[in-house]
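*Asks:* What follows is a structure written as C-alpha cells; I'll ask about it next.
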Amino acid sequence: MRGIRSLPCWAPGLSTKRIPPRELFADLFPNACVISARHSARNGLIRQFSGCSGSISNSCNPRPYRSAITSLLSANVCSKGVSAVQPRFLSTVRLFSTSQRSLEPKSNVKSTGGQVVRPELHQDQEHEDIEKGFELSERAAQAAQVNLSAKLAKDGAAGKKAGFKEIWRLLLIARPEAKKLALAFLFLLVSSGITMSIPFSIGKIMDTSTKATTEGGNELFGLSLPMFYGALAGILTLGAAANYGRIIILRIVGERIVARLRSKLFRQTFVQDAEFFDANRVGDLISRLSSDTIIVGKSITQNLSDGLRAAVSGAAGFGLMAYVSLKLSSILALLLPPIGLGAFFYGRAIRNLSRQIQRNLGTLTKIAEERLGNVKTSQSFAGEVLEVRRYNNQVRKIFELGKKESLISATFFSSTGFAGNMTILALLYVGGGMVQSGAITIGELTSFLMYTAYAGSSMFGLSSFYSELMKGVGAASRLFELQDRQPTISPTKGEKVASARGPIRFENVTFSYPTRPAVPIFRDLNFEIPQGTNVAIVGPSGGGKSTIASILLRFYSPTEGRVLIGGKDITHMNAKSLRRKIGIVSQEPVLFSGTIAENIAYGKPQAKRSEIVAAARKANCQFISDFPDGLDTQVGPRGAQLSGGQKQRIAIARALIKDPDILILDEATSALDAESETLVNSALTALLRGNNTTISIAHRLSTIKRSDTIIVLGPDGRVAEQGSYEELSARPDGAFTKLMEWQMSGGEVMDQLANTPANPVAQETSWDLQSDDGTEISEDTNIPSEPRTID
C-alpha cells in the first residue's frame with residue numbers, strides 16, 4: 001500500500017512533512033462547509049470514505065487524522081453538494097488501494113436536486129480500471145521465473161537432428177526377438193527368390209512356345225511342359241507358405257514389442273517424481289504410450305520386413321536385368337539417381353510432418369482426456385459448444401498436416417511413377433529394335449520388362465520403407481526421452497524404513513516448488529511433532545499446509561534444511577517403503593475404477609476380507625449395506641457412482657487399513673455431513689489414542705479442538721504460533737485467534753469493505769471513526785444499500 005508521502009503528486013501545495021489534520025483534509029475537501037446534517041447522511045459518507053480513512057490511519061498518526069475526517073464528515077455539505085467533493089476524493093481512495101483490484105465497478109454518487117443518484121461522471125475511468133483487471137504483484141514477478149527442466153521436448157531429446165544413432169537404437173529394441181526375426185528373414189528370402197524367378201520362367205516359356213511353333217520343340221529346362229508347369233505350381237505354393245510364415249511371425253513379434261514398450265514406458269512414467277508431472281501434460285504422456293509405441297512397433301517389424309523384401313527384390317531384379325541385357329540396364333540406370341535424391345528429400349519431409357502430427361495428436365488426446373474427465377463441469381456452464389469447437393480446432397490442425405503429407409506423397413509417387421512409365425516406353429523402343437536385330441529374344445525382352453516392373457516396385461517399397469522408418473525415428477525419439485528420464489527422487493533408492501515412528505522434526509526447511517523456484521513457500525521453517533500426538537496445521541490459504549504432507553511423502557525435497565523422522569533424515573530413506581508407513585486422506589479423494597473392496601484394499605493389497613470390513617466400519621461406511629452388491633459394488637470411473645461424502649469415507653477406510661505410523665488428514669471430513677463427521681471423528685479419536693502420529697491439515701474448528709497441538713503457519717513461510725487450543729485461544733492478538741475470528745465471521749467485515757461504494761478491496765478490517773472529543777461514531781446498521789436522500 002502506498003503511503004502518505006505520495007500525496008504531493010496529486011494534492012498541490014502539500015509536502016511530505018506532517019500536516020495538521022484539519023489543514024490536510026480542508027485541502028482535500030475545499031467545498032465542505034459547516035452546516036447541520038442528518039445522522040444518516042453522515043453515516044452514509046462515513047461508509048463512502050471509510051477506505052481512505054483506514055488507509056491514512058495506517059500511514060500516519062491515526063487519531064488526529066481520524067478526528068479531522070470525523071469533524072469534516074460530521075458537518076453538512078454546502079450548496080454545491082457532494083458531487084463537488086467526490087471526484088477529487090476518489091483519487092485519494094485509489095491512491096491508498098492495494099495491488100488487488102475489485103472486479104466490481106466502483107460505485108460513485110452525486111446529488112441532483114437533493115436526491116443521490118449514480119452519475120456517469122467516472123464511467124470511463126471505471127471501465128478502464130475494470131479492463132486492467134488485477135495489477136501484478138511482486139509475487140507474480142517471482143512466479144514468472146518458471147523452471148521447466150523436467151518438461152519433455154515436443155520432438156524428443158534428439159529433436160529434428162535424429163539420425164543414425166536413433167535408427168540403430170530403434171533396431172536394438174527388437175534384439176529380444178532376434179531369433180524369430182531371423183526365421184522371418186529366412187522365409188523372406190525363400191518367398192522373394194521364388195517371386196523373382198517368375199519373370200525368368202515366363203521369358204523361357206515364351207521362347208519355348210515360339211520355338212515350338214517354328215521348330216516343334218516341347219521341352220523346358222529338360223522337362224516336358226506338363227511336368228514343368230506342375231513343378232512351377234509347387235514352387236509357387238512353397239513361396240506362398242513362406243510368405244504366410246513371414247507375415248504371421250512379424251505380426252506376433254510386432255505386437256510383443258509394442259506390449260513390452262508400453263509396459264516399460266508406463267513403469268518408467270509411474271516412478272517419476274512430482275516435478276515431472278507438474279511440468280508435463282497427461283495427454284502428451286498418453287499419446288507417447290499409445291500412438292508412438294504403435295508407430296515404433298510397426299517401424300521395426302512390418303516396415304523392416306517390407307524394406308528387406310524390397311531390397312532383396314531390387315537387388316535380384318537389377319542383377320537379372322544385367323544378366324539379360326547390359327545395354328537396356330544402362331538405360332534404366334539413368335533413372336536411379338533422380339529417384340534416389342527425390343526419395344531422400346521425401347523421407348525428410350515426411351519425418352518432420354510425422355513429428356508435427358504426433359505432437360498435435362498428443363494435444364488432441366490431452367484435450368479429450370481433460371474435457372471428458374470434467375464433462376459435468378462443462379455441461380453445468382453450458383460449455384459444450386466451446387469444448388467441441390476447441391476439439392475441432394485441433395482436429396483441423398491435424399487434418400491440415402495430413403493433407404500436406406498427402407500432397408507431398410502424391411507429388412513424389414506420381415512423379416516417380418511417370419518417370420518409370422517413360423522409362424518403360426524407352427525400353428520398349430530400344431528393346432524392340434534389339435529383338436528385330438536378333439540381339440535378344442522376345443522372351444528375354446519380356447523377362448527384362450517384368451524385372452523392370454519388379455525393380456520399380458522395389459524402389460517404391462524402399463521409399464515407403466524410408467519414410468516409415470523416419471516416422472518411427474520421430475516417434476522413437478519421443479519414447480527414448482521418456483525412457484531415459486531419471487526421477488530426481490528415486491522411489492527405490494535409500495535405506496528401507498522398518499518403522500516411521502518417532503518425532504517428526506522440520507529443521508530450517510526452505511522450500512520452493514521446482515517449477516517456481518523464485519516463489520518461496522517456506523523460509524527457515526522449524527517445528528517438531530512428538531511421536532503419537534495429534535497435531536493440527538492451520539494457516540492462510542496457500543500458506544503451505546498441504547506442502548508439508550508432500551514433503552513428508554517425499555514427493556519433493558527441501559531446497560534447504562532437512563526433515564527428520566525418528567532422528568533420521570528422510571532424504572536418506574527409501575521413498576517407497578516410507579510411503580507404506582504413511583496413510584493420507586486428501587481433501588478431494590480419488591477412487592479408481594473397480595469395487596469398493598478393491599479401493600479400500602488399495603492401501604493394503606493383501607488384506608483379508610475381515611480387515612476390509614473392519615476398516616470400512618471404522619470409517620463409518622454403513623452406506624455400503626444399502627448397495628445390492630455390498631463391498632463388490634462398482635464405484636465407476638473416479639468414483640462417479642458415489643457421493644462426495646461416500647468417496648471420502650472410503651478414502652478414510654483405505655488409509656486406516658494400512659494401520660500407518662503417520663496418518664495425514666488433509667481436510668478429511670470436509671465432504672461429510674454433520675452426523676457422519678461426528679461418527680468419523682469419534683472413530684478417528686479412538687484410533688489416535690494409539691501410537692500413530694496424526695497430522696491434520698484443518699480449517700474446521702471441531703478438528704482443530706481435537707488436536708493436542710496446533711501449528712499456525714504464517715504468510716512468511718514460518719511458524720507464527722504453536723501450542724494447544726487453550727493456549728492459543730487465550731492470546732487475543734495472536735495469529736491463531738485472528739485466523740479463527742476471520743473464519744467464524746464468514747468474512748463479513750471484508751465483504752462489507754469490498755461492497756463499500758468508491759472503495760476498492762482494501763486491507764482495513766475496521767472502520768469505526770472517532771470525533772474530536774474521542775467519542776466513537778458507531779456504524780448505523782439500518783443504512784440501506786441503495787443511496788438515500790440527503791436533506
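From the backbone N, Cα and C atoms, a Cβ is placed for every residue, glycine too.
Residues or ranges marked as ATP binding site in Swiss-Prot: GLY539, PRO540, SER541, GLY542, GLY543, GLY544, LYS545, SER546. The compositional bias 'Polar residues' annotation in Swiss-Prot covers 754-769. Annotation comment: Swiss-Prot describes 770-779 as compositional bias 'Acidic residues'. Residues or ranges marked as domain 'ABC transporter' in Swiss-Prot (evidence: sequence analysis): 504-741. The N-linked glycosylation site feature in Swiss-Prot is assigned to ASN147, ASN303, ASN352, ASN421, ASN508, ASN692; the stated evidence is sequence analysis. The feature transmembrane segment is assigned by Swiss-Prot to 182-202, 220-240, 307-324, 326-346, 422-442, 445-465, with sequence analysis given as support.
Help me understand the surroundings of these features in the structure.
*Replies:* In the three-state DSSP classification, PRO540 (ATP binding site) falls within coil. Around PRO540 (ATP binding site), the same-chain residues at least 6 positions away in sequence with a Cβ under 8 Å from its Cβ are LEU713, PRO715, LEU739.
A mean pLDDT of 86 is what the model gives for the domain 'ABC transporter' (504-741).
Secondary structure at ASN303 (N-linked glycosylation site), as computed by DSSP, is helix. Remark: ASN303 (N-linked glycosylation site) has PHE465, GLU468, LEU469, GLY472 as non-local neighbours, by Cβ distance under 8 Å and separation of at least 6 in sequence.
Its Cβ taken as reference, ASN352 (N-linked glycosylation site) is surrounded by 15 other Cβ atoms within 10 Å in the chains shown.
In this chain, none of the residues that are 6 or more apart from ASN421 (N-linked glycosylation site) has a CB less than 8 Å from its CB.
Within 10 Å of the C-beta of ASN508 (N-linked glycosylation site) we count 13 further C-beta atoms, all protein chains included.
Its own atom aside, the Cβ of ASN692 (N-linked glycosylation site) has 21 Cβ atoms within 10 angstroms in the protein chains shown.
Residues 232, 235-236, 238-240, 242-243, 245-246, 249-250, 253, 305, 308-309, 312-313, 316-317, 320, 443, 446-447, 450-451, 454 of the same chain lie 6+ residues outside the transmembrane segment (182-202) yet bring a C-beta within less than 8 angstroms of a C-beta in it.
Long-range contacts of the transmembrane segment (422-442) within its own chain (CB-CB distance under 8 A, at least 6 residues past either end) are made by residues 203, 206-207, 210, 324-325, 327-328, 331-332, 335, 448-449, 452-453.
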*Asks:* Count, for each of the binding-site residues GLY539, GLY542, GLY544, the other C-beta atoms lying within 10 angstroms of its own C-beta, and report the residue with the smallest count.
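*Replies:* Lowest Cβ count within 10 Å among the binding-site residues (GLY539, GLY542, GLY544) is GLY542.
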*Asks:* Any idea which of the binding-site residues SER541, GLY543, LYS545, SER546 has the thinnest Cβ neighbourhood at 10 Å?
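*Replies:* Each of the binding-site residues SER541, GLY543, LYS545, SER546 was scored by Cβ atoms within 10 Å; lowest is SER541.
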*Asks:* Any idea what the Cα distance is from GLY539 (ATP binding site) over to ASN508 (N-linked glycosylation site), rounded to a whole Å?
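*Replies:* About 19 Å separate the Cα atoms of these two residues.
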